[in-house]
Every structure is written in structure tokens, then in C-alpha cells.
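According to TrEMBL:
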{"type": "DOMAIN", "residues": "5-207", "note": "domain 'HpcH/HpaI aldolase/citrate lyase'"}
{"type": "BINDING", "residues": "64, 113", "note": "substrate binding site"}
{"type": "BINDING", "residues": "113, 139", "note": "Mg(2+) binding site"}
Ligand SMILES: CC(C)(COP(=O)(O)OP(=O)(O)OC[C@H]1O[C@@H](n2cnc3c(N)ncnc32)[C@H](O)[C@@H]1OP(=O)(O)O)[C@@H](O)C(=O)NCCC(=O)NCCSC(=O)C[C@H](O)C(=O)O
Ligand SMILES: [Mg+2]
């Protein structure tokens, strides 16, 4: 199990930030050629990204290409595929066919960030080659004409619909970015909300957000110990011939056991990732 607690966007026209991104402990990096890059910088950004992909990365590295129908789409895709990226991020996906017609050789991450994208999310998520769905709430909020809300109330339906679509297809749902990079408390609150909604991780835009996302979407030592305790209670109950157990006053059934195993695998994977980063 490879955790994707934090997926860090880095603008393709910021070579210094691209180099820094190698060292920040993000579970994945997304080199962005789309909205973070002004039209007059698109060609230079593509060349920067191509150069950055020549050197190995300590984590999976993806490229967000410009959207279908844009003047840069084709060249972005060709560059990224030839350079050997670990995946492509496609913005503003609205139909299943727009994904399948690409016949990609690498995993595709579809961005759900338009009203039509949300409504088509189940078909998009189920399309072959799609690894996961990334929510883009900046574009979505604009398209829906919602007002900002501290608990993302106007977007909750779309967030949950995206989680539902991804999980139903066995794909990975990743939460949207938090724009205020100088508000760590707000960021942590939004991570907790995203985790509660069922997201596996969060897209982030600044170095300061990486560790907090890794913590919020990871499994702490205490949570890992709680999972071990639950498994011990379950084993004891099964040895006594019982079909279900109670642990700390709560019912334990097979799905809780499966969840505890998953938590332990995620905890172990998080530890391995931390060790990899330490030795990098
Ligand atoms: C948000 C920022 C514009 C803030 O920039 P700034 O105030 O200049 O940051 P700092 O001065 O605090 O930076 C400190 C150092 O950290 C490096 N840095 C900053 N951001 C990154 C990053 N993303 N990755 C790697 N390194 C980063 C700086 O280079 C500084 O380093 P040093 O010089 O050595 O001290 C800025 O953080 C930024 O541009 N973030 C990324 C923005 C982005 O990628 N946007 C597009 C993706 S989000 C999106 O499109 C949303 C979605 O589609 C939707 O619809 O919702
Ligand atoms: Mg967007």
C-alpha cells in the first residue's frame, strides 16, 4: 500500500520550487502546467518540467497537463509521456470518453471540478486507466456560483459524490487544495473534514501544508496501537468460539477487523515513507 496523504502541486514555471519539492516529504508531486502557469510561460514551464523529469524523484511524480482543446494539450501530454512520468493529471474532466480516447500508457488522475464532472464522476472513475479523482474546488465553486464557507457547506454534496464515485470504482479520492497558505489551523480543520468524508489524501500547494496533510490522512502510533488492541480482542473472541467481539464497550465485526488491518498497513507504509525521506 502506497499512501497518498499529500499530493503537492508545483508550478511548472518555478524551477526553484520544483527542486525544493523533491525534499518536502510529499507522498506525490504534481508538476503543474495548467492554472498555475500564465499563457506566456507555458512553453518555458513545459521545458522546465521536462528537465526536472530527467533526474529521479523520491516519490511518484505526475504532470498536470493543460485541458483538452487547449493549444498546449497535445505537446504537454507528449512531453510528459516521453519523459516517463508516473501519471498524468487531466483537468476539468467531464466525460468518460475524454479519458478513454487518450489511450494512455500511464495512470490518469481525473480532476472533478465542474458541475458536469461531478454528475459524470461515477462513469469517469470507472473508466479503465483512471487511478483516482482529484477535486478542484476553486473551479467548482466558481462554476456553481457558491459563496465561500468555512465548512465548505455548498460543496459538500460534490465532495461526497466524488468520494462515492471513486470508492465505488475502487479508485482513490483526493481532496481539494486549501488556498490560505498562512492559515495552518484552518488547513488542519479542512484535512480532518476531508478524512471524515472518506478522502484518502489532500492536494496541497505549499511546503508548510505537507506534514499536516501527512498527519491528518496518515495513521498515528496511537491509532496503530488501537488497531492492534482491537485485533487482539477479536482473536480472543474467535478463540472462544464467538462470531463477534466487543472491545472497549463497542461491537467488533469482520469489517472492523478488515479496517484495523488496513490501518496497520497504512501506518507501516507511512513509516516506510518517512524513513525513505530521512535517508534521501
Ligand atoms: C501559494 C504560493 C503562491 C505562495 O507563494 P509564496 O508566498 O512565494 O511562498 P513562500 O514564500 O512561503 O515559499 C517559501 C518557500 O517554499 C517554496 N515553495 C512555495 N510553494 C511551493 C510549492 N508548491 N512547492 C515547492 N516549493 C514551494 C518557495 O519556492 C520558497 O522556497 P525558497 O525560495 O527556497 O525559500 C506558492 O506556494 C505556490 O505557487 N503554490 C503552488 C500553486 C499551484 O500550484 N497552483 C495550482 C494548483 S492548485 C489548483 O489549480 C486548484 C484546482 O485546480 C482547483 O480548481 O481548485
Ligand atoms: Mg482547477
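Note: Cβ is positioned from N, Cα and C throughout, glycine not excepted.
Curation does not apply to TrEMBL; its annotations are automatic.
The two recorded residues, residue 64 (substrate binding site) and residue 139 (Mg(2+) binding site), have Cα atoms 15 Å apart. Proximity of the binding-site residues 64, 113, 139 to ligand 1, judged by a Cβ distance under 6 angstroms to any of its atoms, singles out 113, 139 in sequence order. The secondary structure of residue 139 (Mg(2+) binding site), as reduced to three states from DSSP, is helical. For the binding-site residues given as 113, 139, the lowest number of other CB atoms within 10 Å of the residue's CB is seen at 139.
Residue 64 (substrate binding site) carries a strand DSSP state (E or B).
Across the structure, residue 113 (substrate binding site) and residue 139 (Mg(2+) binding site) place their CA atoms 6 angstrom apart. Per-residue confidence over the domain 'HpcH/HpaI aldolase/citrate lyase' (5-207) averages out at a pLDDT of 98.
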